[in-house]
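Asks: Encoded as structure tokens, here's the structure I'll be asking about.
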Amino acid sequence: MADKKRYEELINILDQYSYDYYVIDNPTVEDAEYDQKMQELLKIEEAHPEWVTPESPSKRVGGEVLEGFKKVAHDTPMLSLANAFNHEDLADFDRRIRDKVGDDIAYMCELKIDGLAVSLQYENGKYKQGATRGDGTIGEDITANLRTIRSIPMKLQKDYSIEVRGEAFMPKRSFQKLNEIREEEGQMLFANPRNAAAGSLRQLDTKIAASRNLDIFLYAVADFGEMGVETHSAGLDMLETLGLKVNKERRLCSSLEEVYAYIDEWTEKRADLAYDIDGIVLKLNNLEQQRQMGTTVKSPRWSIAYKFPAEEVPTKLLDIELNVGRTGVITPTAVLEPVRVAGTTVSRASLHNEDLITEKDIRIGDTVLIKKAGDIIPEVIKSITEERSGSEEPFHMPKKCPTCDSELVRLEEEVALRCINPKCPAQIKEGLIHFVSRNAMNIDGLGEKVIIQLFSQHLIKDVADLFFLSKEKLLELERMGEKSVTNLLASIEASKQNSLEKLLFGLGIRHVGAKAAKSLAVHFETMDNLKVADKETLTSINDIGEKMADSIVTYFANEEVHDLLEELKRAGVNMTYTGPKLEDMSEEELVFAGKTVVLTGKLEKLTRNDAKALIESLGGNVSGSVSKKTDVVVAGSDAGSKLAKAEELAIPIWSEEDLIEYLPDEGGLNE
């Protein structure tokens, strides 16, 4: 008869074997012994399924088939990093740091792993949830697939409740083996290890993810300060003591010269690593100095990513095609003989505009040098003129739009040629793709391929038509089944409730980006107010300059725009700003003004997003972790370690009912 004590002993033994092998790269037993212990564990679990926990080593082999990936909100945003491409960029970064916090600084330099950013949540030392970065605010729940990565411990060495960030990746050797198998089976090959890792973590069948031999390096906690450390380097050391895998090739540098030396070293040695890196990350080491530097909307001001110089590769320029963007700009695109650049196969590259082609004397048939700008976007650097045979053809931009045959114009102070026909099909199609994108109306399931199908089959001619699509028509599209169509229609319906700034950005008004759209929405509150605004009123608003104001006035003077807005209203699309408007609230109403608030536990009446929105509307900033800098903790039922820490630090604790008292009288956020 199986002994539960022996079962628990086996779990601890197998966890230690995995730690030795996958985390510190120091195997202590032969594979046969590991396999024997695992088989013993599996037999016990078969006899006693009631003993099995999510932390069992048996859960790493996969087997669970998922229905899909739920959305996960990051309590602390997973910000991206600003890039540096040369010593001058790094010197500017260093100067900004010193101007703010003084000269007593040090930088932790780490290898920038070319993988997929993920977040791991541990509760009382046990692995609870894993998620992708997503857009930094909302990611996808990939808990089950991350569990298959052997270097991720299911239990920490201490019972901490923390959120850890890191980079999941596929080692070069695993990538090579995977592509060899796919080639034998006649499947499409992965372009690079990063794509392979991302694809593996989005498998619905966890057995597939388990077979891909992924790995991970952890590089941060959502809030290192709550761990009682004062520096980033001490935080990384702490992660190692918890049993988490941290890259050992890090170095603390006290000067830019030391940073440059570290960069030069790894620029030379990067090819020798067992995994891909695409740069070096610098982080201000002192956590208090990090706090002083703060963050922008997108990235921390205390960290920067140095990107390695782009690889330059020669290939043949076969042709030049013209693309029409949503604002009518005509962009020439190089059609290339396929070639591998920075880990992916490139067959097309931007040529930007006619002036650049003329200036660089780029001709069809040339051998050209291409690179990836920032290792992402392919571009043509120059023609290799000494390889010309005389058969190459100079390129001349047409005088008419390649899509609608309208006359092309060059507007004052612009380099690009532009089609100004508002009914140009290419512009309408690109505008539709923009309208449904993540930063605009964010309609899940309406990707570029679906938009192109809808447009080519004349099911939509403008953005308003999206809101009148029927289930019957959608089911006629390729690869659109009952479930996909139901989900898509639900997503379209949900998007009608978006706040005004989302709609404004989605409409694609020239020069109006996401930030300006938010400023306009906050100031005017309704579309009706905005569309009658004059230039003087517009330019009085932060972020709105003369050129943008002219563009907005011109846009709303168009009768076709009025008709479009009426159609959107008829469809039930919200045309008011529904976000917080702090400047109109009194000090008494702004109960959380300038305060940091932490939500913990299960809320009964408010969703977590509603609670967060309410706190922000009252002037507060919502954080994911409790520290000495926390001003208030709002605790629901089953609140755990965060509540205990708040009590220990004597931080004021609110109940959900306390928070609900501040809901607006007209019904508030939870209706």
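Numbers here mean position along the shown chain, with the first residue as 1.
Just so you know, glycine gets a Cβ as well, placed from its N, Cα and C.
The annotation NAD(+) binding site is assigned in Swiss-Prot to ASP31, ALA32, GLU33, TYR34, ASP35, SER80, LEU81, GLU110, ARG133, GLU167, LYS283, LYS307. Per Swiss-Prot, active site, N6-AMP-lysine intermediate is recorded for LYS112, and the stated evidence type is sequence analysis. The feature Zn(2+) binding site is assigned by Swiss-Prot to CYS401, CYS404, CYS419, CYS424, with sequence analysis given as support. Residues or ranges marked as domain 'BRCT' in Swiss-Prot: 587-671.
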Asks: Using a Cβ-Cβ cut-off under 8 angstroms and a sequence gap of six or more, which residues of the chain neighbour the residue listed as 'active site, N6-AMP-lysine intermediate'?
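Replies: The list for the residue listed as 'active site, N6-AMP-lysine intermediate' reads ILE277, ASP278, GLY279, ILE280, VAL281, ALA305, TYR306, LYS307, given in order along the sequence.
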Asks: Could you tell me the mean pLDDT the prediction assigns to the domain 'BRCT' (587-671)?
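Replies: On average, pLDDT over the domain 'BRCT' (587-671) sits at 74.
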Asks: Could you say which of the binding-site residues LEU81, CYS404, CYS419, CYS424 has its Cβ with the most other Cβ atoms inside 10 Å?
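Replies: Selected residue: CYS419.
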Asks: Including all protein chains shown, what's the count of other C-beta atoms within 10 A of the C-beta of ARG133 (NAD(+) binding site)?
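Replies: For ARG133 (NAD(+) binding site), the count of other Cβ atoms within 10 Å is 20.
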Asks: Of the binding-site residues GLU33, ASP35, LYS283, which one sits closest to CYS419 (Zn(2+) binding site) when you measure Cα to Cα?
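Replies: Nearest in space to CYS419 (Zn(2+) binding site), counting only the binding-site residues, is LYS283.
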Asks: Whole-number answer please: how many Å between the C-alpha atoms of CYS401 (Zn(2+) binding site) and LEU81 (NAD(+) binding site)?
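Replies: One finds 38 Å between the Cα atoms of these residues.
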Asks: Rounded to a whole angstrom, what is the C-alpha distance between LYS283 (NAD(+) binding site) and CYS404 (Zn(2+) binding site)?
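Replies: Cα-Cα distance, LYS283 (NAD(+) binding site) to CYS404 (Zn(2+) binding site): 51 Å.
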Asks: Please report how many Å separate the Cα atom of ARG133 (NAD(+) binding site) from that of CYS424 (Zn(2+) binding site), as a whole number.
Replies: 37
Asks: What is the interatomic distance between the Cα atoms of GLU33 (NAD(+) binding site) and CYS404 (Zn(2+) binding site), given in whole Å?
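Replies: About 70 Å separate the Cα atoms of these two residues.
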Asks: Just the number: how many Å between the Cα atoms of CYS424 (Zn(2+) binding site) and ASP35 (NAD(+) binding site)?
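Replies: Spelling it out, the Cα of CYS424 (Zn(2+) binding site) and the Cα of ASP35 (NAD(+) binding site) are 64 Å apart.
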Asks: Inside 8 A of the center formed by the CB atoms of CYS401, CYS404, CYS419, CYS424, which other residues of the chain have their CB, for the recorded Zn(2+) site?
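Replies: Here the nearby residues are VAL324, GLY328, PRO402, THR403, ASP405, SER406, LEU408, ASN421, PRO425, ALA426, GLN427.
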Asks: For LYS112 (active site, N6-AMP-lysine intermediate), what is the secondary structure state per DSSP, taken as helix, strand or coil?
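Replies: Its secondary structure by DSSP: strand.
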Asks: I need the CA-to-CA distance for CYS404 (Zn(2+) binding site) versus LEU81 (NAD(+) binding site), whole Å please.
Replies: 41
Asks: Would you list the DSSP helix, strand and coil counts for the residues of the domain 'BRCT' (587-671)?
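Replies: Split into helix, strand and coil, the domain 'BRCT' (587-671) gives 23 helix, 17 strand, 45 coil.
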Asks: Please state whether DSSP places ASP35 (NAD(+) binding site) in a helix, a strand or coil.
Replies: helix
